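Per TrEMBL, the feature region 'Disordered' maps to 14-41, 201-245. The compositional bias 'Low complexity' feature in TrEMBL is assigned to 17-35. Feature annotation from TrEMBL assigns domain 'Tyrosine specific protein phosphatases' to 135-186. Annotation comment: TrEMBL describes 234-245 as compositional bias 'Basic and acidic residues'.
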Amino acid sequence: MLAHNKLLAFTANKHAQTQQQQQQQQQQQQQQQQTPIARRGHGACCPLGNGTWVPPWAVGRHDLQSQGPFTPQLAILIDLTNSSRYYSPAEVPGGVAYIKVPCVGRDASPDPLAVNQVCWEVNKALMSYPNTYFLIHCTHGFNRTGYMITCAMMRLLAPTGMCVERAVRRFAQQRPPGIYKHEYIEDLFRYHHEVRPAATLTPPVPAWKGPDTPGEDDDGADADGGAAPAQRKGQQEGHMSHDDKFGEVIPDEEREWLAHQVYDAIMMQDPQTCPPGAKPPSLQYQGQAPQFAGSQPVSLDREKLEYIKAKRYWVTWKADGTRYLLLLSSWGAYLIDRSCDTRRVQMRFPTCLSEERAAAFARARSKAKRAEEVPLFPVGVGGSKGLCEVWG
């Protein structure tokens, strides 16, 4: 009889636990519908697998599969470690896209190409699955992870006037102590062309990170013992010529997406190709690379003036160097040449606001004692890269 009562009690407890887990999952689904973008990016340390290198006390407690029921709905998992020994991508639960963006770490912050890759993957996931989460991790989930999440917030939350100081502080609040490498914080302000406030202090190194604690420095070699690949640079270094590409390299998918956006915007402004009220046409390559007429230099002689009357030209003067179409948006600034090769240039640009926020901004500006940034909307500008040569 006693054993029967214990069995009933055990069954009742399991049923109650099951109901509680179901209620928690329903609450998580309801909350994620209302969760802002700023809280959908989660930083984490590198998860432990069930390999032989894991300490006995940790085996079976931190594997990815067992954490599935307690994890919010994930769209992508971005691995920033420069090693493959921590866990296997096969352990990632089904339905979650695993993306590897190796970053060396140590004293070098992530390079621009790695930042552009991570930010594009996050933006693409949010465009496709707006109510899902994304998880970013490095070895411990503080420095490289915080750097990437800060850069993503600077782009995704640009319409809200996000700044580096606020983004760094928000990450530290969600994952204390935040970024604790001084050079990483310095690079963030330098990369976004902002001045670091004196009140933005570098947190002390956590007490658990002792001299014998394996950290980001051990990512220098991969699981096979080989040397880590060199960091890729997004910009040309050293002396530049007229034919050199200028700006940061971006992923191919982002370059194609931007080409569609610019092409549709141009066609919408041309009444000959897009009548009033019609939807903008999609960019169809038809086996040929797209080109923009605005990137083709045209000299202003009498013969060319007749061409300008008959055909629309976006740029009408000729100069030495490479001609670009400059795309300015809240997501960033891009240079597009006539072969549709697109590069990102890190610039500070006025915030793009909604009409309601712009009206409130105008009222606040009229009362302000100092000039503020004027809200502008995405715009394309034609121009050319000029180089000054000094003869000595």
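Each Cβ is built from the backbone N, Cα and C atoms, and glycine gets one as well.
The DSSP breakdown of the domain 'Tyrosine specific protein phosphatases' (135-186) into helical (H, G, I), extended (E, B) and coil residues amounts to 33 helix, 3 strand, 16 coil.
Averaged over the domain 'Tyrosine specific protein phosphatases' (135-186), the predicted model reaches a pLDDT of 93.
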